[in-house]
Each structure stands twice: as C-alpha cells, then as structure tokens.
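Asks: Got these off TrEMBL a minute ago, pasting:
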DOMAIN    27-225  domain 'Neurotransmitter-gated ion-channel ligand-binding'
TRANSMEM  226-249  transmembrane segment
DOMAIN    234-322  domain 'Neurotransmitter-gated ion-channel transmembrane'
TRANSMEM  261-280  transmembrane segment
TRANSMEM  292-314  transmembrane segment
TRANSMEM  409-426  transmembrane segment
Amino acid sequence: SKREINMRKLDSTKVRPLKSEQFLRIEDHDFALRPGFGGSPIPVGIDVQVESIDSISEVDMDFTMTLYLRHYWKDERLSFRSNRNKSLTFDGRLIKKIWVPDVFFVHSKRSFIHDTTVENVMLRVYPDGNVLFSLRITVSAMCFMDFSRFPLDTQNCSLELESYAYNEDDLMLYWKHGNKSLRTDEHISLSQFFIEEFSASSGLAFYSSTGWYNRLFINFALRRHIFFFVLQSYFPAMLMVMLSWVSFWIDRRAVPARVSLGITTVLTMSTIMTGVSASMPQVSYIKAVDVYLWISFLFVFLSVIEYAAVNYLTTIEERKQLKKRGKASGMYSIDAVQAMAFDGCFRDTDVDVDLTAFSDRCEENDTRARAASVSNVDTTRIKRKRSLKGNVGRIILQNNHVIDTYSRIIFPSVYIVFNFFYWGLYI
C-alpha cells in the first residue's frame, strides 16, 4: 500500500544503495555464492607484473616482493546494458559486496595491500559480465635455500598462489596468457644476486581433508655475485696463508719472530671465519666457503706446527753436539747471529758451519784493536762490519733446518693444487 511505501521512505535505518549498485543490480543476487554455483568450476585467470624484489634474506630464508596481482573471471550477475560497450571501474568499496576469488600466497610470512594514498585496489566490470580485479601487494614468502655451494650458489625461489576455500571442483586457477602472464620490470636489480630468469608454471596441491586445489607458481632463479665475497673472504684468506709462509725464511732460532707471526695469522683467520658465519644461518651441513676457510686455516695452523717441529729437532741436535764436545749438560752456546748482535764478532763453535776464515778475521781484528791507538778503533770496526755483511746471509741460509727447506716448496705447491680443484669443482 501507499502507506507502507511512505513508511519505508521515512525509515532512517535503511541505507539507500548507490547508483552503481543499482546499475549492477547487486541487491538482486546473493554474492555469497560463486558464479555458476552448482555447475562446472569457474575459471579464474591470473596474470602478475613484478614491480620489484625488495630483499633476499639468507638468515631468515625468505624474500620480499612487490607485485601487481590481477584476476580475470566472468560473473553474469554483474552484466549490464551499455550502448557504447564501455566498462565500469570501481575502487575497493565495492569489493566487499560482490564475489571475488580468495587467492592467497602459500608459505607467505607477511603480506599487505598498499593503501597510500588510498587502498590500491581496482575493479573493472564489462557489459558482458567479465571482471578484472587488480591489487598492488607486497609479500614476504619462504624460499627453501641450499647453501652447500655458498657463495658460489644459485638459489631457486617461487611464489605460490592458490585458492583457500574453493578446490578444483569449484574454482580453476590458470595463467591468463600462458607464459606471457608473468611480466617483470626491466630495472629490477639486487645487490648480491643476478636474476637469471622468471618463469610461470602450474600444478595441483592435495590436502587430505579438503581435496585437490589448483596452484600457480612464480619461479625465479638467483645467481649470487662472487666478487664481493672474493674481496671480503677469499682474498684475505689467501694473503694470510701466504703470510704464514714467511716464517719458513726466518732463522729457526728467531723464536719471537716466528711464533708471533704464526699466532697473528691464526687469529686473523679465526676472525675471517667468524665474520662469515655471523651473516649466515646456522645450517647443519658444510658450505663451500667453509671448506675454503677451514683448509686455509689448516695451512696456517700447520705452519705453526712446522716451526714447533723445527725448534724441537734443533734443540735435540744441539744437545747431541754438546754431549759430543764434553760440555756441561743443559748449557747452550750463543748462536752466530746473537753473537754478532753483541759485539759484531762471531764466536759460536756449536754451529755446524765452516767459519774458520771468519773466526781468523775476528782474532786479527782483536789483536789490531789492542795494539793500535784510539784513533784506529773506528777504522777497524768499519772493516769488521763490511766483512760481516757478506757472511750474514750465508750464515742464516746454512742455519735453516731441512724441514724449512722442504716446507718452502711443499706448502705453496699443495695450496695451489687445492685452489685449482676448489674453483674447478664449484664454478
């Protein structure tokens, strides 16, 4: 009746529908149900444009990506008459009143729709009922990384899309334009990785309680830049190993010099290894960089052990010489270099070298120094220093142990062979 109609108009609790809702006849249908309910599954096409890959985290084993996600489907309930066949475009306010696909990201940790300055959602409806639904989303998802070849590795990650409620009997997800459905920005770049390829694929996922679901995959391969790790890890490790070899050319009786050099290189290698491990997840397997650093550490450590063996054998040799010459047990003579440091004259008879001519010169110099006047003392010292310069190098070379001689060849040769096999295996 007219009275009831007037009462409805005066009822302030009723909200009049918008013109767009009236135009699409939203109130005439139940949009809680999917299009074509009870019939064949509704096909929903997907295409994606990747705007950027924001970060790759090895510690958390995840990646963050910003993308445009677009859905295509047909809902005849939204069809309308149009003389010019023009589409209608809406923002996010209409989304809550119609049916839209419930696509979610599998293995995602965090995700959000951008809302600056307004929510980045677009809905476009065509006269025949075809619908385009677009979102701008940033999502962080898991990437199951394998670091056995780190930092010479290539990581394969994927972002997976799937319907949460509708299985394959109700909804069929597919790539709208096949392989061309996945597009990327030409300026995408990462600090530590080079993006080798992007590809799209599809498959099925089974859940024991709900059945089979269509799943779409955004696959991309990342190859790590090696130059940064060469400068930060490999090159310093090489230098420390080479520095440890310097001790093989130092006199075997220069204990402070050789021990301090060995301890310094060992501590530096430990610092390098700790720095690399701090930036990596605590995995239970050995990485490629661990192999290189531990082998380098072993070379440095063996150079210290090498000097310990040299020093021990030298001590045994000197004790045997002392016993042969009938000297007191436990007394050690001063070597040639130390004697020269005291008064510039060599007087050590325990060193197994031919220094007869050198000792004669020293005796002659002592005799002349006692007989000459004070004015000739300086001249005698200058001559003595000149004669010592030609013999110091020969004394040091002859005073090296045979182990040092072999170590100068064996250590560099083995290390070069190790580097050859290492880089040939992992590159």
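Even glycines carry a Cβ here, placed using N, Cα and C.
Curation plays no part in TrEMBL annotations; they are all automatic predictions.
Show me how these features fit into the shown structure, please.
Replies: Mean predicted confidence for the domain 'Neurotransmitter-gated ion-channel ligand-binding' (27-225): the pLDDT average there is 91.
Panel annotation: around the transmembrane segment (226-249), residues 151-152, 192, 257-258, 261-262, 265, 268-269, 272, 275-276, 289, 292-293, 296, 299-300, 303-304, 306-307, 404, 407-408, 411-412, 415 of the same chain, lying at least six beyond its termini, place a Cβ under 8 Å from a Cβ of the stretch.
Within the chain carrying the transmembrane segment (261-280), a Cβ under 8 angstroms from the stretch's Cβ atoms is held by residues 58-59, 147, 150, 232-233, 236-237, 240-241, 243-244, 246-247, 250, 287, 289, 293-294, 296-297, 300-301, 303-304, 307, all 6 or more beyond its ends.
Taking Cβ pairs closer than 8 Å, the transmembrane segment (409-426) reaches residues 149, 152, 241, 245, 248, 288, 291-292, 295, 299, 302-303 in its own chain, all 6 or more past its ends.
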